[in-house]
Each structure stands twice: as C-alpha cells, then as structure tokens.
Amino acid sequence: MIEDSGKRGNTMAERRQLFAEMRAQDLDRIRLSTYRTACKLRFVQKKCNLHLVDIWNVIEALRENALNNLDPNIELNVARLEAVLSTIFYQLNKRMPTTHQIHVEQSISLLLNFLLAAFDPEGHGKISVFAVKMALATLCGGKIMDKLRYIFSMISDSSGVMVYGRYDQFLREVLKLPTAVFEGPSFGYTEQSARSCFSQQKKVTLNGFLDTLMSDPPPQCLVWLPLLHRLANVENVFHPVECSYCHSESMMGFRYRCQQCHNYQLCQDCFWRGHAGGSHSNQHQMKEYTSWKSPAKKLTNALSKSLSCASSREPLHPMFPDQPEKPLNLAHIVPPRPVTSMNDTLFSHSVPSSGSPFITRSSPPKDSEVEQNKMLARAAPAFLKGRGIQYSLNVADRLADEHVLIGLYVNMLRNDPPCMLESSNRLDEEHRLIARYAARLAAESSSSQPTQQRSAPDISFTIDANKQQRQLIAELENKNREILQEIQRLRVEHEQASQPTPEKAQQNPTLLAELRLLRQRKDELEQRMSALQESRRELMVQLEGLMKLLKEEELKQGTQGASSPRSSPSHTISRPIPMPIRSASACPTPTHTPQDSLTGVGGDVQEAFAQSSRRNLRSDLLVAADSITNTMSSLVKELNSEVASETESTVDSEFSRPQFEDLAPSPTSEKAFLAQIHSRKPGYIHGGAASTTHGDMVPEDGDPYTQPEDGNYENESVRQLENELQLEEYLKQKLQDEAYQVSLQG
C-alpha cells in the first residue's frame, strides 16, 4: 500500500509538472478557443517528442506489442501501456542521429501521465485499446491523411463503410484530449457531435470521410485537428514583413492581413491575443497566410487567373477505391504470429496478416502454424536480400504483396521440403493456392505485360544501385577507419615526442660526467678571465700614472727653461712627448673583455687601447711596454741631437746611437752619463773656473772626461729625468715578466 501511494504521488507530481509548464507558456491568453486548443496540444506533442513519430511507427509499435490482434474494447493496464510507449520511443532513438537523441524515460513518463489524466481520470489504472490507438494516432506526427486513413480502418467494416457507432466512440475518445488541456467547454463530447458530422442515411466511405474531415471548414467538434497540423507545418515559415502592432521586423508562423485596413498585418501572437492599433478593430475580417509570396509572384498569379490559364486546384487527397480489396484467408499458411516469437518484428514487416495495413483481424494461432510461422520468418531475409528495407515496409507491410508471399513460400519449399510437406491435405491446399495465383497472374498478364517489362529493368537497376551504394558505404567506412588509425598514430607520436621517456631521462652516466666537467671548466675559465681582466686594469692604471708624470715633467722643464738665465730657448726641452702608439707587430686577437674593463684608467691609455678591445692580454702588455720604450727613446734622441749641435768636444759615435741599451745606462756609469750631459750645457762651456774637481771618470766606451765642479748645475730637471729613465726600465722589465707568466698560465 505504501508503494502504491508513493507511485500515485509521483504520478500526480509529474502531471502537475506538465500542466505547470503548459501554463507558463501563457497560452490561456489566446482569445480563440480553436487556436488555444491547437497550441496546447502542440505543446504536449512536442514536450513528449511525439512530433518525431509518424503513424507508421505507431502501427509498428502496436504490432510488436500484439495490440493489432486484441479486441478494441479490451483494457490495458499501466505496465502494458508503458511497454507500448517504450517500444515507440526506443525505436525512435534508434532512428535519430547520435547528436539528436531524446530522453526516453522522460518522454515515456510524460506521455504516460498525460494519457492517464485524459482517459483514466478516476485512477483505475486501465485504458482501452481503442482509446490508446486513437490517442497515439491523433497526437503523433506525420500527414493528416495517413492518420485519418488509419482511424477510418478502425471504425469501418470489412466492406469499407463507416460504422456510426464506432465513429461515435471515436469522437468520445478523441475529444477527451481537448478536455485534458482544460478546453472541455469548447470541444467536449455531446450526443449531437456525430450527427453534426455525417448524415446517418448516407453511407460514408473512405473518400467521403477524408473529404469531410479535411474540408475547410471541418466539423465544429474537430476543427482543432486540421489546425494542429497546419500549426506544425508553418511553425518555421518566415515572413519578411513588419508587424503593425508589435513592430517586429519579421514574423514566424502564421501571418494575418486585415481585409479592411490598408496594409495592416499582424503576427500570430498579436492576432491570437487580440492586439489592435490605430483604426484597426478585432471585429475586422482577417485573412490567414501560411507562406510568403513576393510582389512579382503575386502579379504572376493575378495575370494567370485573369487569363484563365491557371492550373486547376489539386484535390485534397488522392481518390481511393470505395470497395477495399478483400484479403486472402491465409490463416492455414501464414497465421498471425504469436506474442512470444523472437522474429515478430521481421515477420510483421514482410508478411502482413491482411490486405490493409490498418485492418488486422485473424484467428488465434495453433502450434503447428506457429512453427510454420517461424520458418517463414527465417526464410524472409534470404528472399528479400538486396531489395532494401523500403521495399519490405511499403510493399509487404502496407499492400500485402502476393508475389512476396509466393516467393517466400517457394523459397521455403526449396530449402526445407520435408518440413513443409508433412501432410497431404496441406500439400493440396498449397497447390490450390499456387494454381489460384498462377491463374490470376495469367489473367492479368495481357494488361500488365508492359508494366512488368518496365518493372524488371527497374528492379535490376534498383538492385545494382543498392549494390553500388553498399560498396560505396564499405569504401567510405574503410577510408574512415584508415583515417582514424592515422590520427591515432599521429597522436601517439606527438605524445611520445612531447613527453620525455625514461630512456631519455636516464642518459649515459659518462656523458653526464663529461657535461659536469665541462661546466666546471667553464666556471674556472670565467674566474681566471675575471682575474686577468682585473690585473690588466691595474696595469693600465699604473701606465696612466707614468704618462701623467711624463707630461708633468715636460711642463716643469718648459717652465724652468723659460725662467733660468743660463738656459736658452734652443736648449729647453719644450717639444711635446709623443703619445704611445701601437706596435705594428701586434696582431689583434679575440677577447671576451668589453671596453668597460678599463674603467678608472685615464683617457690616454684608453685611447691607446681603444682599437684593440679584442686583443689578448699578452699582446696588450707587450704593446704598452713598446710604446713607453719608444716614447722615452724619442725623448733621449732629441736631447742628444740638440746637445750635439752645440758641443765642441768630440763625442764617441756609439754614445749617439738610438739603441735602447745606450740610452739606459747601467748603475756604474750613471755619474759619467750625467757628467757628459752637464759638460754639453752652454753654462758649463762658457762659465768660470770650477771650484771643485772630482777627478776623471771613465765611461763605458773608455773615453775619459772631466766632471764639472759646479754641483749646482745638476738641477731638478736632470735628476727627474734620471729617475724617470730608471723607472721606465724597471717597469718594462716588470711588464715583460708578468706577460711571460700569463703566457705560461694560459
């Protein structure tokens, strides 16, 4: 009891959910009951996904659940009804593409609750088979003509004439649908509903039934049924016209044009809800349009009508024979399939139980007939192979093709004769049936021979086309498979290339060791280079200091020569000292030291080394030493040349050589060198007698000369020059030693 109450509560909640969503659409504001009812049923149809199912899918589901063999007045319980709905929606999902799959369980639940609310308001849990068929046929999608043909097959007799009692039952059941969406006062069932549609004194055939229900206007109680289908057909129709009330630039669905107001057009929402503006009134007559025609098309139609060359209007439906073809009684050969058979679906497509797709009346099956039914079902695929599923659906399912039955039976006889010839009576019946078919075909051969001659090539062409299509599909599938494999291979290669493998992570340890050693060696070389650059910068600073001293000495000598009474302008050392130049033998070599490494060094040294930023350290040191040596040598040569032009004594030729070894006296001959310089001064030659004689001094060349006694003559300039010469010699030796050590370390 608790479970039943819980299920009942869930059912009521789902019903309320569907109706609450319908009320949220604000459909009750539509002022016309016909449009209001059609819109509500259209909402239920789309919410339950029944607009994706046509009448043929419904018939197939009913046959799979054996409802075609049941009496229409038998009632189904909820479980059986749910099984029918499950068959419909699961088969629908198989036909739909994967991107448009529906929610099967939700659709089943919504439709089941709506049917229970419409046809079982008391909650008994049972619905008649006839009500289920009428509801599904009305709410499903597809053409209205096919649906009405199926409905007529359910309410007509074997002679093809409508039974008024069944039509009244049809109205009673189908009008429960508007009542379920709260439109019972407008379209509820009354006893006069059936009489208002057809006159009971007249026989109603299929053509009359279709003419009445598809006419314009249809019967008042069913006026919403054609509108429901027209609403579905124009749902996506576009009208490039502006609405005169809401001023929307385009319209979708129906379009309404006022017959009194000039160029006054309304969209379906404004017309349904009674919106009006300006001089327009809701009482004006409106014309409904389901499509858009350009002005040129309208002009063409008007000219065609005026010239009476317009084509006659096509009928609403094709004309069907008044007397339906009587189906053959094949109960003893092809009985109705049992419910428990596993081949029911295939057999229902290939061998129908009657000549009409809608009338399925037959006798209960027997055991022997059930076995024979299974054999026919197994033989059907072999016979219908290559003809396609459309052939089996359209021909076998709807028209009960006699040729298909004969072919199936002959195929069974050829494959398994003992099983089919169990009794002589059955054999006689089979021969009589075949003879009957042969006589009928012979009688129709004269009239149908051209058609058969044309149909044979058509069938062969269809078979060839199907074969080509299958081959093309197979080729495309193979190509698709190859493309997928290639994509997978490329993806694997990309992943392998992007992600390091364990082999790459664990390389050769020898290579790793060598790599570490190279990095250490690189660090050591960088440190040594930094040390060498620092040493070079210090040497350049020292060199700059020496050059400053030389310039200061030059200035001092020039000042003293101008102020001294014993000095003449020709004897003063006023010539500028030449700047250091690069040795021609020094070749530039690459170096990693930038020009900024001489930071703190004066401009003279930077100028001397500005062009040799890529020279190695050894060459730079040697060039610097050579430049200083050349400068001092030039100074000494100038001094010697000036003194030699004015002296009266003979000077040894070797003393005046420009070699550096003569210009740099040793410590033992320093006094002789200074005395010789003093003796060449003008003051020494023309001066008075010497007060003190130190004695003769022998220079390195062996020529004696006398040291002047005037000790004051050794002025500050001579002493400074002597000190500079000694310092220059010492610096040169030091630079050469450091360069040699650097070359040994490199």
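Backbone N, Cα and C define each Cβ position, glycine as well.
Per Swiss-Prot, the features are:
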BINDING   Cys243, Cys246, Cys267, Cys270  Zn(2+) 1 binding site
BINDING   Cys258, Cys261, His280, His284  Zn(2+) 2 binding site
COILED    458-557  coiled coil
COMPBIAS  563-576  compositional bias 'Low complexity'
REGION    1-288  region 'Interaction with MAGEE1'
REGION    555-577  region 'Disordered'
REGION    646-667  region 'Disordered'
REGION    684-721  region 'Disordered'
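Features recorded in Swiss-Prot, as mapped to the structure shown.
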residue	record	Cβ contacts under 8 Å, 6 or more apart
Cys243	Zn(2+) 1 binding site	Met251, Gln265, Leu266, Cys267, Cys270
Cys246	Zn(2+) 1 binding site	Cys267, Asp269, Cys270, His275
Cys258	Zn(2+) 2 binding site	Tyr264, Gln265, Leu266, His280, His284, Gln285, Met286
Cys261	Zn(2+) 2 binding site	Gly278, Ser279, His280, His284
Enter the number of other CB atoms within 10 angstroms of the CB of Cys267 (Zn(2+) 1 binding site).
23
Would you list the other residues of this chain near Zn(2+) 1 - those whose C-beta lies within 8 angstroms of the C-beta centroid of Cys243, Cys246, Cys267, Cys270 - in sequence order?
Ser244, Tyr245, His247, Ser248, Met251, Leu266, Gln268, Asp269, Phe271, His275
At a 10 A cut-off on CB-CB distances, which of the binding-site residues His280, His284 has the highest count?
His280
Starting from the Zn(2+) 2 site formed by Cys258, Cys261, His280, His284, give every other residue of that chain whose CB sits within 8 Å of the mean position of their CB atoms, in sequence order.
Gln259, Gln260, Tyr264, Ala276, Ser279, Ser281, Met286
Please give me the CB contact count at 10 A for Cys270 (Zn(2+) 1 binding site), counting all chains in the structure.
19
May I ask you to report the DSSP-based helix, strand or coil state of Cys261 (Zn(2+) 2 binding site)?
coil
